[in-house]
There are 2 protein chains.
Amino acid sequence: MKKQQSSFIAMASTLKMVFMLLFSIFTISPVSCYKGVHHPLDPLSPKELTLVQTIVKKSYNPSSNNSISFHYVGLDEPEKPTVLSWLSKPSTETLIPRRALVFTRVNEQTHEIIVDLSKRIIVSDEVYKGPGYPLLTADEQVAAIQLPLTYGPFIESAKKRELNVSYAVCSTFTVGWYGGAERTKRVVKVQCYYNKDTVNLYLRPIEGIQIVVDLDKMEIVEYSDTFKIPVPKADGTDYRFSEQKPPFGPRINGAAIMQTKGPGFEIDGHTIRWVNWEFHLAFDVRVGPIISLASIYDPEKHTYRSVLYRGHISELFVPYMDPTEEYYYKTFFDCGEFGFGQNAASLVPLADCPNNAVFMDGYYAAHDGSTVKVPNAFCIFERHAGDIMWRHTELGIPNRVITEARPEVSLVVRMVATIGNYDHIIDWEFKPSGSIKAQVGLSGVLEVKSTTFTNVDQINEEVYGTLLGDNTIGLNHDHFLTYRLDLDIDGVANSFVKQNLVTKHVNDEVSPRKSYWAVVSETAKTESEAKIRSGMAPSDLIIVNPNKKTKPGNHHGYRLIPGTATHPLLLEDDYPQIRGAFTKYNVWVTPYNKSEVWAGGKYVDQSQGQDTLAVWTLRDRKIENEDIVLWHVLGYHHSPCQEDFPVMPTLNAGFELRPTNFFERNPVLKVLPPKPVRWPNCTAKP
Amino acid sequence: MKKQQSSFIAMASTLKMVFMLLFSIFTISPVSCYKGVHHPLDPLSPKELTLVQTIVKKSYNPSSNNSISFHYVGLDEPEKPTVLSWLSKPSTETLIPRRALVFTRVNEQTHEIIVDLSKRIIVSDEVYKGPGYPLLTADEQVAAIQLPLTYGPFIESAKKRELNVSYAVCSTFTVGWYGGAERTKRVVKVQCYYNKDTVNLYLRPIEGIQIVVDLDKMEIVEYSDTFKIPVPKADGTDYRFSEQKPPFGPRINGAAIMQTKGPGFEIDGHTIRWVNWEFHLAFDVRVGPIISLASIYDPEKHTYRSVLYRGHISELFVPYMDPTEEYYYKTFFDCGEFGFGQNAASLVPLADCPNNAVFMDGYYAAHDGSTVKVPNAFCIFERHAGDIMWRHTELGIPNRVITEARPEVSLVVRMVATIGNYDHIIDWEFKPSGSIKAQVGLSGVLEVKSTTFTNVDQINEEVYGTLLGDNTIGLNHDHFLTYRLDLDIDGVANSFVKQNLVTKHVNDEVSPRKSYWAVVSETAKTESEAKIRSGMAPSDLIIVNPNKKTKPGNHHGYRLIPGTATHPLLLEDDYPQIRGAFTKYNVWVTPYNKSEVWAGGKYVDQSQGQDTLAVWTLRDRKIENEDIVLWHVLGYHHSPCQEDFPVMPTLNAGFELRPTNFFERNPVLKVLPPKPVRWPNCTAKP
């Protein structure tokens with residue numbers, strides 16, 4: 001993994017060099033943060049990660065033969081009040097101790113460790129006995145997928161299929177939980193692919209072979225070869241440009257964003273300031289990008305006002321819809337099992353991000369606790385999409401025409417998490433009008449299975465997907481993205497208000513109308529009143545500050561404009577759905593609780609759904625005028641089509657958080673009209 | 001109106017000059033169409049509009065005192081087979097006769113006239129006796145709003161309110177239909193506003209006065225002054241930059257799209273070619289932009305393949321939710337009553353459209369039949385939003401990292417229709433991957449009513465909206481946009497398939513799973529089987545060509561990815577909802593019928609819902625393997641908030657038409673990777 005990453009650094013940085021050279025006027029060197037002191041929410045630095053490794057390894061006395069592996073190393077988030085009070089007057093005297101939250105495996109036991117990096121000591125160390133196991137590390141997966149290649153029975157199976165083992169590439173799959181007592185071992189299933197004449201391994205599965213690997217012992221513990229079916233052919237599966245044959249195209253003219261004044265944002269450590277926004281951006285090995293302390297400047301109140309204390313994707317549940325022996329277990333939790341940060345792709349300048357983007361690296365701890373760098377893990381850029389921020393043309397005043405229009409500009413923070421075959425493009429977009437848009441783009445490669453069928457007409461049984469080509473079924477599946485949105489609208493104490501739109505009957509004699517709709521507001525008192533399936537009843541969902549009002553007396557608020565309503569189709573008592581129960585509703589609200597960060601639980605691998613958002617909310621806690629957290633579940637049901645083959649055009653889903661009586665009026669009313677863009681005083685050479 | 005438009009021409013064209021000068025390398029001069037002959041779907045040219053005026057006026061013998069007004073003049077669309085066969089081998093010998101469809105009022109009667117422009121004769125002329133009346137003309141509305149200003153009782157009313165009549169600006173509102181026999185007169189209600197110290201008249205209504213104007217007689221026929229209430233104050237209502245006081249901002253850095261190779265599209269008459277798309281763009285006084293004959297090049301079949309024969313917004317239903325005497329009637333049909341094209345705004349370069357945009361004018365017939373030009377009615381530009389077309393990073397092959405990514409580029413066609421207070425930004429977006437995205441952005445000014453309340457705490461009665469400031473209620477309302485999408489997927493004969501996702505129970509002993517979902521396809525045989533409310537049941541909605549299959553045997557298709565599910569909340573038997581019954585479902589499918597273009601009917605003003613999509617489909621016609629039309633209803637329920645005041649930040653809604661087994665594989669797989677953009681060989685001067 002580290003080797004791969006670093007080999008990639010070379011490639012990427014060459015590209016980056018070119019790009020830097022070309023657009024050097026646009027690059028920014030992050031300036032140091034407050035007096036060189038860490039922001040309390042900064043992710044662990046490479047230095048700190050190394051320190052964690054040292055402290056933990058020391059404590060387990062390396063001279064003995066303890067086997068230690070690091071499955072999660074992240075910032076142990078300080079309590080919110082502590083953070084807020086320090087930020088209110090940062091000083092080097094009153095430093096908040098830097099602490100790390102560490103999940104390790106020591107001699108086949110899971111440890112949950114808190115390390116104090118300032119005192120350089122372990123503050124607490126608890127053994128977790130399950131159910132469930134921590135994040136799989138990249139390194140152990142790399143080790144596991146090597147095992148079959150030297151494993152006699154597998155070599156036999158390959159021979160039986162007339163396949164050359166040297167072209168076999170394997171991949172790991174979490175086993176899930178299907179009732180009964182928990183497995184006592186940390187195991188994964190390993191499926192192999194035939195990588196000859198293509199790099200698109202996922203489209204060439206070698207079927208009929210079941211391999212189970214014990215990750216702690218790092219050995220194959222189960223093996224079976226039950227049936228043979230030809231591997232789909234390689235033709236047309238490779239997505240690399242170098243492998244494409246002419247005619248190329250369609251041909252698209254290139255373009256560049258030209259900012260004569262350079263980018264409008266500044267990066268100060270992990271804090272980003274742009275136009276009227278300020279927020280903190282952190283990298284986490286499990287959830288990827290974390291937006292913190294997003295606040296917006298209020299021109300009337302002459303101050304920044306808090307909106308989002310912490311926002312990130314919490315879990316991604318991807319159940320496949322093939323119940324057969326070879327595929328039933330494919331019900332993945334990509335954040336909790338594989339890690340969005342651990343699988344962050346190094347972004348490619350000009351392809352993943354436009355020419356005006358600025359990049360940031362990410363760091364995480366590898367299996368052995370050493371630091372891995374992900375170059376260009378994030379890009380940050382101003383989006384000039386040609387949209388309109390607001391406009392009006394007035395033709396109603398005789399003999400006059402008035403037109404005022406302002407072009408939209410927004411700031412985008414992007415990371416891409418590639419979990420095996422799928423690429424998830426994670427965007428956070430900030431608008432000067434106060435909106436925050438979160439979007440996920442889905443690209444990459446489908447999960448397919450082999451079949452003997454070459455035409456739909458031959459299909460005489462359920463195939464659980466779409467026939468995409470000769471011998472290739474694209475399997476039906478879902479993607480459920482769960483966002484954790486710890487909104488602090490103008491302060492910590494907030495309420496969740498459902499502004500239900502209700503049909504009213506007109507009974508008076510005066511009105512010729514029979515009906516209209518009115519807003520009937522309902523404040524959710526407890527968690528159970530805040531569980532909502534989108535699309536069931538029309539309602540504006542608003543997080544308000546019940547203690548702050550506008551001049552006319554409306555509560556300051558932000559509204560959730562949800563994504564397309566998608567609901568689980570698995571039975572509620574089916575095992576994967578028990579573990580993914582947090583997808584039952586599209587909206588949940590909980591009181592802030594430091595330990596409730598991961599909707600699928602801390603230990604998701606082989607979990608039994610004992611520690612999910614659905615379970616937490618059974619306590620039905622008070623959420624009125626409290627520090628509350630909004631959870632939003634976005635989903636797609638994905639029944640593949642041929643256009644998704646061999647690599648799929650991006651499919652988008654997202655939601656908007658929009659100010660609603662947060663400002664006294666349109667906060668971008670006074671934005672300057674566009675000036676003709678100043679142009680370098682020479683003309684372009686075609 | 002014409003005066004206003006032309007006065008605007010000056011302003012706009014000055015701006016355009018500047019822009020042309022600055023970005024002259026990006027401008028395109030449309031080249032002439034096929035041998036100077038009209039494309040059969042070209043909108044009527046200024047010459048043709050003048051010819052229509054001449055022919056119609058002559059036939060009504062102008063020497064007599066016939067009063068003639070023109071309420072709709074548009075292309076009489078030739079039959080589809082005729083169009084397709086001519087286009088298959090265009091020739092100047094086999095010209096399709098150019099015909100105009102004309103709605104006139106002659107001596108207070110509605111005439112529906114077909115004019116043959118080649119033969120210069122009236123082919124048919126039928127009197128329409130109602131119910132319902134044609135589009136209101138801009139000129140008669142301009143005349144109507146002058147009447148009160150010299151009308152004694154109104155001057156009295158103004159005096160009573162201590163208002164200076166010279167600041168009064170009035171506006172017209174259609175009266176709708178509220179049961180009983182139809183009104184025998186073409187009347188509108190006129191409401192006046194106090195335009196002192198602001199141009200934002202809509203935020204200063206003069207309440208308590210009811211004025212009804214007979215448009216044919218052009219006189220006030222009803223007047224009442226029932227109550228007095230102060231006009232909301234002007235402070236903070238003006239949206240013009242010139243009227244803003246510092247501090248300005250937020251400050252945003254400008255940017256320009258730099259295309260060293262110029263735009264990637266060409267405009268040939270009304271035909272636009274870009275990358276792998278070709279389509280025809282027409283301007284219509286009633287519905288605005290019409291996209292025709294959109295087809296995409298298939299690199300494997302080496303030919304263009306038809307997707308969308310004709311697509312446009314058909315109607316926009318905007319019912320307000322205030323049943324009181326002064327407001328109950330506000331239930332507008334913006335296309336059929338006021339006209340999107342008639343109210344097209346001249347787009348402002350750099351503000352409404354980015355610097356790489358190219359503009360097109362629109363033309364329509366005024367009240368007297370003379371030609372009105374709308375300069376810059378459309379803009380066309382390549383969108384470089386920084387999105388990703390497709391990507392994959394492969395970390396699964398030991399000791400290798402493979403990354404391929406392609407930046408997204410799309411082509412946008414934009415028009416803005418400003419119906420009084422609201423601005424509707426209408427975008428059609430074409431993607432190289434085959435997707436067509438339609439989006440509507442909502443901006444402009446809210447419809448408000450005066451109130452004595454200045455704070456929410458005082459409110460002790462229903463106010464039918466949100467208190468936005470002192471004495472100002474933003475009224476609750478809906479926007480229902482109905483798109484007409486005459487898809488011709490690979491040909492004319494298509495079917496509508498619902499791929500329902502259905503939960504299956506697992507009963508075998510083998511699988512540890514209890515459930516999964518499967519696709520159960522259902523082809524709609526008749527119209528009743530194609531009426532769908534979004535969000536009710538998970539289903540992929542696909543228009544397929546049942547006669548064309550991919551190699552694996554999937555039917556060629558395009559899938560509708562609908563916008564957020566929004567459903568009417570008015571009672572079905574309420575009069576506005578009877579007229580707007582076409583909003584009951586989000587999806588409808590009808591067999592192609594030349595006369596079924598406007599979902600609310602031909603004659604919407606004062607209509608009784610006798611001629612809507614809902615009525616047409618009662619015939620429950622066959623739609624399987626027929627030439628079918630897909631109708632999609634997008635909606636927002638709009639409960640205003642203070643940020644919408646005094647002009648609202650754009651709120652978006654839209655949908656996607658996405659190829660689904662239309663291509664054998666991802667059609668943009670072979671797109672060239674981005675090259676470092678060639679830069680003018682000099683550096684920008686900051």
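From the backbone N, Cα and C atoms, a Cβ is placed for every residue, glycine too.
TrEMBL: automatically predicted annotations, no manual curation.
As recorded in TrEMBL:
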ACT_SITE  B:D334  active site, proton acceptor
DOMAIN    B:39-124  domain 'Copper amine oxidase N2-terminal'
DOMAIN    B:134-231  domain 'Copper amine oxidase N3-terminal'
DOMAIN    B:257-669  domain 'Copper amine oxidase catalytic'
MOD_RES   B:Y422  2',4',5'-topaquinone
SIGNAL    B:1-33  signal peptide
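Separating the Cα atoms of B:D334 (active site, proton acceptor) and B:Y422 (2',4',5'-topaquinone) is a whole-number distance of 10 Å.
A sphere of 10 angstroms centred on the C-beta of the residue listed as 'active site, proton acceptor' encloses 24 other C-beta atoms. Residues within less than 8 Å, Cβ to Cβ, of B:Y422 (2',4',5'-topaquinone) and separated from it by at least 6 positions along the same chain comprise B:V318, B:L442, B:S443, B:G444, B:V445. DSSP assigns B:D334 (active site, proton acceptor) to a helical segment in the three-state reduction.
Residue counts for the domain 'Copper amine oxidase N2-terminal' (B:39-124) by DSSP state, with H, G and I taken as helix and E and B as strand, are 23 helix, 28 strand, 35 coil.
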